[in-house]
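Since the structure comes first, as structure tokens, the remarks are kept for the end.
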Amino acid sequence: MTVATQKEQESKGFFKLSWFERIAFGSGDMAQNFIYQTVTTYLLFFYTNVYGLNPAIASAMFLGVRIIDAIWDPIVGVFVDKTSTRFGKYRGWLLIMALPLTVLMILCFVVPPLGETGKVVYACLTYVLLSILYTTVNVPFGALNAALTRDQQEITILTTVRMWLVNVAQVAITYGVPTLVIFFSGTMDSAEARNGWFTTILLYGIIGFVALLFSFWGTKERVVISVEEQTNVKLSDLFTEIVRNKPLRIISLMFITAFAIMAIGNSAGTYFVKYNLGDEGLVGIYNVISALPALVILPFIPWLRKTLGKKQLLYVSLIISFIGFVLLFVVPTQWTAMIFVAQTIRSIGFCVVGAFIWSLIPEAITYGEWQSGKRISGIANALIGFFFKFGLAVGGFVPGIVLTMTGFNADNAVQTDSALLGIRLLLAVFPAILVAVLYYIVSCYNLTDEQLVKYGKEIEMKNEKK
């Protein structure tokens, strides 16, 4: 590409980014995983086994928070699209909310010296506030990639770097958290482990805080809506966008299903290793297998996308993960090595799905801009944020209910057969069913790369006439 051609492309928003900026952008999501994903992965286990909450109460709390999100997330999306900070429309929120978000994450893992009712109230307040603050970071960050460039291949690379760093965080979360808690406390599943949990969460919060600041410092917004378009953003755009933007609706369903799969499986993993396999010491190794394959596979996603096409890539990945879930259910628990093989197969398939669907959001934003003339990235990401957190809510609510119904008791070192079956259903059967549902949802997504190129050119022509 000649310098003149590059400048012409950049004038239309098609920027090629440096590796430094790609890494800085990805660090923002890595930071959010160190903070929020740590919470979603371990908070149910912490509440039931360390904090002393009934699983049903914890599940009801998770569901209640998602109801609050249903109101709060869209409001944040509209607010972000209608306003700008002195540091930019989106990236400034990473700086402003980094410290409050980190503090609330740490407070979620404090066991206050209160009675049973007081502890329930404290747990509800801290988790609700954490979720509220997380939205004020996650929604602007989600819109940031569409503000860096319009180039779809560049966005795929951005998403790949982002998800690779997310999986670095996942390795640290899934292996590091139980390892460090046991190191600091000698155990991870009793009241005696509270100091170990607090120290570990404090360390992870500091890492997340620093990574958020780096993401703010290392990125630059280039493709943002004008002041006139910003003024025209209305609360009603939330409803009109989800109604008229079919790709956005389908992507939203993908996120609900994908995050429900991840949340249910992740919540069950620690219980499965401790009670079904009978070896708490394997928790870290088992969990890290969820993230390690992604570190190898994700760098090849841009090539796989070009070779297979986006839908075929998702189809193949879902079939692989389905096979892994089936094996996790049918392999006897005495065959520990084969259990780990099954977990690896599941991880190989689903890491691609979990990473790649993020790159579809800018496609829906482009489609919406072509359709309505409004590039409302904040609203689109707020809607996606609501739906993926709804998926997390399902993933947080279902395990607690199933554990209660099957007779799980955290005070029992050995669980009943029905409780062990309930854990395994959560680990493998429910996720496998949802994988089949997700396969169907993907089949309904028909926005092609050729259409996106056409829409992009038409948007350019409209902008040139203004």
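Each residue, glycine too, has its Cβ placed from N, Cα and C.
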Among 64-85, 196-217, TrEMBL marks as transmembrane the stretch 196-217
Stretch winning on C-beta pairs under 8 A with the transmembrane segment (164-184) (pool: 120-144, 196-217, 284-301) is 284-301
When counting C-beta pairs under 8 angstroms to the transmembrane segment (250-272), the leading stretch of 92-114, 284-301, 337-361, 423-442 is 423-442
With the cut-off at Cβ under 8 Å and a gap of six or more residues from its ends, the chain residues touching the transmembrane segment (423-442) are 250, 253-254, 257-258, 260-261, 264-265, 267-269, 271-272, 275-276, 311, 314-315, 318-319, 321-322, 325-326, 328-329, 350, 353, 398-399, 402-403, 406, 408, 415
Tertiary contacts of the transmembrane segment (382-403), defined by C-beta under 8 angstroms and 6+ residue spacing from its ends, are 40, 44, 48, 55-56, 58-60, 62-63, 65-66, 69-70, 73-74, 76-78, 80, 131, 135, 138-139, 142, 238, 241-242, 248, 251-253, 255-264, 266-268, 271, 361, 419, 422-423, 425-426, 430
